[in-house]
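Pulled from Swiss-Prot, these are the features on record:
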| type | residues | note |
| --- | --- | --- |
| BINDING | 140, 143, 197, 200 | Zn(2+) 1 binding site |
| BINDING | 157, 160, 183, 186 | Zn(2+) 2 binding site |
| DOMAIN | 4-68 | domain 'J' |
| REPEAT | 140-147 | repeat 'CXXCXGXG motif' |
| REPEAT | 157-164 | repeat 'CXXCXGXG motif' |
| REPEAT | 183-190 | repeat 'CXXCXGXG motif' |
| REPEAT | 197-204 | repeat 'CXXCXGXG motif' |
| ZN_FING | 127-209 | zinc finger |
C-alpha cells in the first residue's frame, strides 16, 4: 500500500512547496537525532525527510497524486540527507542555511507596476487613448545601466572573495554550526563597482516620471487590466524592465447601468403614452439618437429590449442589448381640461371597477405568495 506522504507531514494535498517545507521544519525540530535520540524519533525523522523529498519533487509528487509510491519504484530510503536534513534545520533557526548558495546576479529583472485609471462609459464604449503619468525606475543614461562612471566591469568583492556570502561560527543546541549570510559589502552579488556612477549611485537605474499613452480597447469593463509589456520598472544593475498593468475603474453613468455587455436604463412613460403607445428616443454612448417604440398597453416595470445597442464585445464582434425599464408616470396635478377628459374616460369604461377581489392566478401577487407557502 502506498504511503501517505501528505499525512506524514500533516499537510493538505494542495499544499505549496513553502507549506511543505514549513511543516517539515516544524517536525524536524522535534524529531532530529541531535534533539531526540530515541529510536522512535529516528524512525519518524527518516519518514518526514523522505516525505519532504517526495513532495518537493514534481515528478515524484505526480506519482503520489496518482496513487503510487515513487520510493517503492527504486527510490529507496532517503535517510537524514533527503530533502534537506541538517541544512533545513540550520535554515529554520539561523535563516541562512548550512550550505553555500553562491552569489546572486548583480543584474536583476525589474518589478511589475500597477496603475489605476478612471474611464467614462463613453470611453469604454468607443475605446480611447488615455494619457497617464507613472513614477518608475528607468535605465541610468549616464552609465547606461553599468553602475560605473567609466562603464567598466565590476571587481570581485574582497570581503567575500566573490562568493556573495560570509560565513561565521555560531553556537546552538546542535553544537557549533557554520552559518552563511549575504555579504554586506556586495549585497550578495560577489561583485563591487570601484567607481560608482554619481547619478545612480551604482544601481544602474534612476527614478523619474514618465508620460505614456494607453490604448484602451472598446468594450473594456470595470476591474479589467491592460498589460503594457516592458513598461514597468527597470531592474537593479540595468536589468530588463517588468510590465506595467493599467487597472480600469469605471465612472457611474447618469443614464445607463452596465451588466455584462447589456446597458440598462429607466424610461419614464406618460400614462397616456403607456396606454396608447408612442415613439421615444435616447442618446446613445456614441452620441447618436436611438428611436424605439413604446408598445400600447405597456405596464410598469416591463422591459423593452433594443437589440444590438449595448456595449461592444471586447476584441470580438457584435454588441449587447439596450434594455429599457418602463416607469409609468401618473400625473399628480391636473388642470380642469385633463380632469374632464379622464372623467369621460372613466365613465366610458365604467364596467372596470377599482374594487376587486384578490386575483388568485399563479402570476398574481396573491398567487405567488400562495405558491411560496405551499413549498
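Using the three backbone atoms N, Cα and C, a Cβ is placed for every residue, glycine included.
Predicted, not measured: the structure shown is a model, and the values here were computed from it.
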Folded-back contacts onto the repeat 'CXXCXGXG motif' (157-164), same chain, C-beta under 8 angstroms, at least six residues removed: 100-104, 182-186, 188-192
Any further residue of that chain within 8 Å (Cβ to the Cβ centroid of 140, 143, 197, 200) of the recorded Zn(2+) 1 site: 141, 142, 144, 145, 146, 147, 148, 196, 198, 199, 201, 202, 203, 204, 205, 206
For the repeat 'CXXCXGXG motif' (197-204), sequence-distant contacts whose Cβ falls under 8 Å of one of its Cβ atoms, 6 or more beyond its ends: 107, 139-143, 145-149, 234, 236-239
Residue 186 (Zn(2+) 2 binding site), number of other Cβ atoms within 10 Å: 25
By Cα-Cα distance, the member of binding-site residues 157, 183, 186 nearest residue 140 (Zn(2+) 1 binding site): 186
Same chain, 6+ residues apart, C-beta under 8 Å of the C-beta of residue 157 (Zn(2+) 2 binding site), given in sequence order: 164, 183, 185, 186, 189, 190, 191, 192
Check: same-chain CB within 8 A of Zn(2+) 2 site center, minus 157, 160, 183, 186: 103, 158, 159, 161, 162, 163, 164, 165, 166, 184, 185, 187, 188, 189, 190, 191, 192
